[in-house]
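> Take a look at the following structure, please.
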Amino acid sequence: MSPQKTVGVFALQGDVREHVHVLEALGARTRPVRRPADLEGLDGIVLPGGESSVMDRLARIMGLKDPLIAALRDGLPAYGTCAGLIMLAREIRNPAPDQGGLGVLDVAVRRNAFGAQVDSFEEDLDVPAVAAEPVHAVFIRAPAVLQAGEGVEVLASVPASRLSVPAADPGLDGDARLPVAVRQGHLLATAFHPEVTGDWSFHRAFLAGLRPPRAPRR
Ligand code: GLN
């Protein structure tokens, strides 16, 4: 059996417990990440769902933001769900006052693009890259990926007609589809929350994609 992986879960805000539960059930060791030292020796990190503007502010206050950016640039594998996707994004089209992000994933996102909490929706998505069966996805005040760079692989999408009217970008016609699951090298992100639905395909794919363990010393 391969040695156990240690996966950090950004733990300053968000649905940390849900991710810890899934990751541990899948055999990983987890570590809450609140300060720079918590990043040491991780095989990967998960950025949970929650509120990205609060995550950003707390990460700055705790001095975690810059070391986290450095670690991600250095190749630390990351999986972001919902607010975590917003955190990873290169551009946030409608940031809260003072909100920035980690800027490592080459996508432009719009927060709350599918409407408010009451507009939450569920959809079964075909995601051949991670699962043979459709993945049941729950969108809660989810962000939309309005633009994705060339190096970004779109793993799943929904019709742009799902967008709430004020968030709809001109230029998007009714037949357009918007990415809701993306991968760029070591970065994986979904606009929805597999950690709350019991469909662990994305967590499984993330763990499987972590750097292989170093060869044991003879
Ligand atoms: N709307 C939230 C934000 O801007 C994300 C919501 C979520 O993670 N479910 O961060």
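Placement of Cβ uses the backbone N, Cα and C atoms for every residue, glycine included.
Copying in the features that TrEMBL gives for the protein in this structure:
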- C82: active site, nucleophile (ACT_SITE)
- H193: active site, charge relay system (ACT_SITE)
- E195: active site, charge relay system (ACT_SITE)
- G50, E51, S52, R111, I140, R141: L-glutamine binding site (BINDING)
> Cα within 10 Å of I140 (L-glutamine binding site) is the criterion; apply it to the active-site residues C82, H193, E195 and give the hits in sequence order.
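So the list is C82, H193.
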> When a 10 Å sphere is centred on the Cβ of I140 (L-glutamine binding site), how many other Cβ atoms does it contain?
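The answer is 20 other Cβ atoms.
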> I need the CA-to-CA distance for R111 (L-glutamine binding site) versus the residue listed as 'active site, nucleophile', whole Å please.
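Rounded to a whole number, the Cα-Cα distance is 9 Å.
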> Measuring Cα to Cα, how far is H193 (active site, charge relay system) from R141 (L-glutamine binding site) in Å?
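The separation of the Cα atoms works out to 11 Å.
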> Among the recorded positions listed here (R111, R141, H193), identify the one with the smallest other-Cβ count within 10 Å.
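Minimum Cβ neighbour count within 10 Å, taken over the recorded positions R111, R141, H193, occurs at R141.
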> Restricting to the chain of E195 (active site, charge relay system) and a gap of 6 or more, list residues whose Cβ falls under 8 Å of its Cβ, or answer none.
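Non-local contacts for E195 (active site, charge relay system): D15, E18, H19, H21, V22, P48, G49, T81, H203.
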> So how far apart do the L-glutamine binders G50, E51, S52, R111, I140, R141 get, largest Cα to Cα in Å?
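Site span for L-glutamine, by Cα atoms: 13 Å.
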> Roughly how many angstrom lie between the C-alpha atoms of G50 (L-glutamine binding site) and C82 (active site, nucleophile)?
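With the alpha carbons as reference points, the distance is 7 Å.
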> Using a Cβ-Cβ cut-off under 8 angstroms and a sequence gap of six or more, which residues of the chain neighbour the residue listed as 'active site, nucleophile'?
P48, G49, G50, I140, R141, A142, P143, T190, A191, F192, H193
> For I140 (L-glutamine binding site), just give me the three-state DSSP call.
coil
> What's the number of neighbouring CB atoms sitting within 10 A of the CB on S52 (L-glutamine binding site)?
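Its Cβ has 28 other Cβ atoms within 10 Å.
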> Under DSSP, is H193 (active site, charge relay system) part of a helix or a strand, or is it coil?
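DSSP call for H193 (active site, charge relay system): coil, neither helix nor strand.
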> Within 10 Å of the Cβ of E51 (L-glutamine binding site), how many other Cβ atoms can be counted across all chains shown?
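Looking across every protein chain shown, the total is 17.
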